[in-house]
Amino acid sequence: MSVILGIESSCDETSASVCIDGKIVANIIANQTIHELYGGVVPELASRVHQQNIVPAVHQAINVAKIHKKQIDAVAFTRGPGLLGSLLVGTCFAKAFALANNIPLIEVNHMQAHILAHFIEDPKPTFPFLCLTVSGGHTQIVLVKDYFDMEIVGETLDDAAGEAFDKTAKILGLPYPGGPLVDKHAKLGDPNRFKFPEPQIADLNFSFSGLKTAILYFVRDKVAENPNFLEQNMDDICASVQSRIISILLNKLKKAALQYGIKDVSIAGGVSANSGLRNSINAMAQTEGWNVFIPKFEYCTDNAAMIAIAGYYKFLKGDFAGQDVAPMARMPF
Ligand code: KG4
Ligand code: ZN
């Protein structure tokens, strides 16, 4: 039997999870609401709130899992990528916990963990599969050959898809974090009402900065003509922007699937919580003959369950980190 404690603290969610024999039995997520006041994550505040939340989150995870801390066999933590101060809190906690309990320490790459969230529950994809990983900081198409053998075959040249959602929301005057609010308005709007440009980027790469500028100028010009334009058209604007972001993402995913001859296709990361993206990828699966894998909602945005499951697969291989391991703001696969 193996009991793994997972710790996630790369951005603004403090999370602790317990994985017993590859099954997640607790996944506690403490959201930080303080950043709403500033319209974005303030790194210094994030690390301070992580410091307050980490011990209660771990206690709660252990209680929910109905285990004693002495039963834990290893502690897995997010080493990177992320905000350095935030990562430091989780890393220091994990190191101290491992040392105090004399158990191994396991480092996990946050972006790999988003992909390994597909192994929390059935049905699971089979290797090799493609994963479109879309979060607040990254947009990648990853060829997943094995649990820890992954190749990035396409990525964004500028903004991430989550940033495109959040910046759109900001331009529209919606509060932070804007992605889920754009999604909510989009459900009520007409996606064909306004046309936004699709960038012509080579290979399997993405670009979202042109779209952001197009939205900014569009809103500026329309509001100059009619000061109430935003309030009157919020649902249609959100639906139109969301539909363009989705078509940019899925056109490249389709290209990658054809290029690599792959039928098992998945999405991961915070933006995979988007209802429009979930519906559209399922529709594309019908025409392309794909098997599509989408993690449960709570495993899409940042969570420690994905860290614990990644930790479980590293535990099986005996792949442990030393006490000298340091967090990395930028971390390659
Ligand atoms: O993976 P994640 O929780 O954190 C990072 O590692 O970045 O992703 C956060 C991103 C944010 O940009 C947020 O606005 C976006 O995911 N997001 C969404 C939705 N839920 C979260 N974007 C669009 N629609 C959603 N429903
Ligand atoms: Zn993430």
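Including glycine, each Cβ sits where the backbone N, Cα and C put it.
Note that TrEMBL annotation is computational and uncurated.
Feature annotations, courtesy of TrEMBL:
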BINDING   HIS110, HIS114, ASP302  Fe cation binding site
BINDING   THR133, VAL134, SER135, GLY136, GLY137, ASP166, GLY179, ASP183, ASN274  substrate binding site
DOMAIN    23-308  domain 'Gcp-like'
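A map of TrEMBL features onto the structure.
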residue	record	CB count, 10 Å
HIS110	Fe cation binding site	25
HIS114	Fe cation binding site	30
THR133	substrate binding site	26
SER135	substrate binding site	25
GLY137	substrate binding site	19
GLY179	substrate binding site	27
ASN274	substrate binding site	26
ASP302	Fe cation binding site	26
Original post:
Out of THR133, SER135, GLY179, ASN274, ASP302, which binding-site residues lie by ligand 2, with a C-beta less than 6 Å from some atom of it?
Top reply: SER135, ASP302
**OP:** May I ask for the distance between GLY137 (substrate binding site) and HIS110 (Fe cation binding site), taken between their Cα atoms and rounded to an integer number of Å?
**Re:** 11
Original post:
Do you see any of the binding-site residues THR133, SER135, GLY179, ASN274 whose C-alpha is within 10 Å of HIS114 (Fe cation binding site), and which ones?
Top reply: THR133, SER135
Original post:
Hey, does DSSP put HIS114 (Fe cation binding site) in a helix, a strand, or just coil?
Top reply: helix
Original post:
Measuring Cα to Cα, how many angstrom lie between THR133 (substrate binding site) and ASP302 (Fe cation binding site)?
Top reply: 12
Subject >> Spatial neighbour of HIS110 (Fe cation binding site) that is closest, considering only the binding-site residues SER135, GLY179, ASN274 and their CA atoms >> reply: SER135
**OP:** Out of the binding-site residues SER135, GLY179, ASN274, give me the one sitting nearest to ASP302 (Fe cation binding site) by CA distance.
**Re:** SER135
Subject >> Rounded mean pLDDT for the residues that make up the domain 'Gcp-like' (23-308) >> reply: 97
Original post:
Should ASN274 (substrate binding site) be counted as helix, strand, or coil on the basis of DSSP?
Top reply: coil
